[in-house]
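Right, one structure below, let's go through it.
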């Protein structure tokens, strides 16, 4: 076991040719965030003093996406192997610290496995993460003598006897900084690939009499890499099933775990029910007895106790108090707030709007930049006209207001408590308390009207 301080190196310089994309491979997303961000997050949980990111292709894109100031960016101008990548980072290694080596395209490595690897590393020597495969073709084999790890041989360089070994190298290892710098300086590229292999340091350590201790991950998926979109989609399904299983065991009822996507963090109360094809993004909090209908997208939102979100509704940066109902086919955009018992119905859109206690907007309305009191009825087709072509303006509606269907409120405008807006009215001036406002075109009756007929 090593008690030394530790830094992490993440190799992320590969182009990812088999992704057939202009995006660097490690920026392709798994569960809504770049693969390499998953690795960075795992690294940050290890207590690492420094995280060195070795990059090459698409450096500008990487730096634009990964903005954590704790990252130390290390350029690998030419991709000449894993050993060469580590050589670029070596000047940053302290002699008295351990160096943990990770890969930006191995996104599901867990902090628990990394913790066990760190605990396994001997005071002098190397801790190595390995797995056993039924078909190890293409992978570097772990060579042992009398049970002790003495080397790693790459598949292309392996003899027929060595190719029968089913214990393979994952590439993830931990070693002392001083030792690692010495071994890296001794690497050569005398192999079939003409590259500098980091794996050659295992034999160097064994020749020096230093121990190499191997540990296995809890799950094979933790060490599976991504080289193409098929592999990425497979790991996406693995990850999503793991999240679904965790939520089920915690008491969330997922009606079909295979059709649920979590792309962030979900906290929840008791007896939550989530229907099929729901996507949860960012940080979402669900209270007790919340029901989410099929096909909903919930992003960075807080939903209170006993709320029901009907199918195909989209909520982003919204806050709902208890007993609210939303949808179906409703959209709550950033800044939407619903007080207790409020209702937003089908084809209603809110943006920077607050709907007071017990207020209802049942159908076909747009409420933007609006503060709406309690007990308000918003009729079908109501629009708060908040944009004048250059600036946004606010609509304020008091308590117990009735807004008739097909009304327009041209902001900035205020409607006081108890007022009534007749159907089809365009409100351009403030409305006083308990007033009735009607502003529609006078109805005409034309007797004997003949409808037009189609020309032959």
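Including glycine, each Cβ sits where the backbone N, Cα and C put it.
Keep in mind it's a predicted model, so treat the numbers as computed, not measured.
Taken from Swiss-Prot, the feature region 'Pyrophosphorylase' applies to 1-229.
For residue 14 (UDP-N-acetyl-alpha-D-glucosamine binding site), the number of other Cβ atoms no farther than 10 Å from its own Cβ, over all displayed protein chains, is 23. Here Swiss-Prot flags 11-14, 25, 76, 81-82, 103-105, 140, 154, 169, 227, 333, 351, 366, 377 as UDP-N-acetyl-alpha-D-glucosamine binding site, drawing on sequence analysis.
Residues or ranges marked as Mg(2+) binding site in Swiss-Prot (evidence: sequence analysis): 105, 227. Counted within 10 Å of its Cβ, the other Cβ atoms near residue 227 (Mg(2+) binding site) come to 14, all protein chains included.
The region 'Linker' feature in Swiss-Prot is assigned to 230-250. Sequence-distant neighbours of the region 'Linker' (230-250) (same chain, 6+ residues past either end, Cβ-Cβ under 8 Å): 19, 28, 30-31, 35, 107-108, 221, 224, 257-258, 260-262, 266, 268.
Marked as region 'N-acetyltransferase' by Swiss-Prot on the basis of sequence analysis: 251-456.
Among the features that Swiss-Prot reports, active site, proton acceptor is placed at 363, with the record citing sequence analysis. Look at residue 363 (active site, proton acceptor): DSSP puts it in a strand. Neighbour list (residue 363 (active site, proton acceptor), Cβ cut-off 8 Å, at least 6 residues apart, same chain): 345, 346, 347, 348, 380, 381.
Residues or ranges marked as acetyl-CoA binding site by Swiss-Prot: 380, 386, 387, 405, 423, 440. In the three-state DSSP scheme, residue 440 (acetyl-CoA binding site) is classed as coil. Long-range neighbours of residue 440 (acetyl-CoA binding site) (same chain, six or more residues apart, CB within less than 8 Å of its CB): 422, 423, 424, 425.
Taking every pair among 380, 386, 387, 405, 423, 440, the residues recorded as binding acetyl-CoA, the greatest CA to CA distance is 22 Å. Mapped onto three states, the DSSP output places residue 386 (acetyl-CoA binding site) in coil.
Under the DSSP three-state reduction, residue 227 (Mg(2+) binding site) is assigned to coil, being neither helix nor strand. The Cβ of residue 386 (acetyl-CoA binding site) has 22 neighbouring Cβ atoms from other residues within 10 Å, across all protein chains displayed. Sequence-distant contacts of residue 104 (UDP-N-acetyl-alpha-D-glucosamine binding site), defined as residues of its own chain at least six apart whose C-beta falls under 8 angstroms from its C-beta, comprise 10, 11, 12, 14, 25, 26, 35, 36, 39, 53. Checking each of the binding-site residues 377, 386, 405 against residue 105 (Mg(2+) binding site) by C-alpha distance, the shortest gap belongs to 386. The local packing around residue 81 (UDP-N-acetyl-alpha-D-glucosamine binding site), expressed as other Cβ atoms within 10 Å of its Cβ over all shown chains, amounts to 21.
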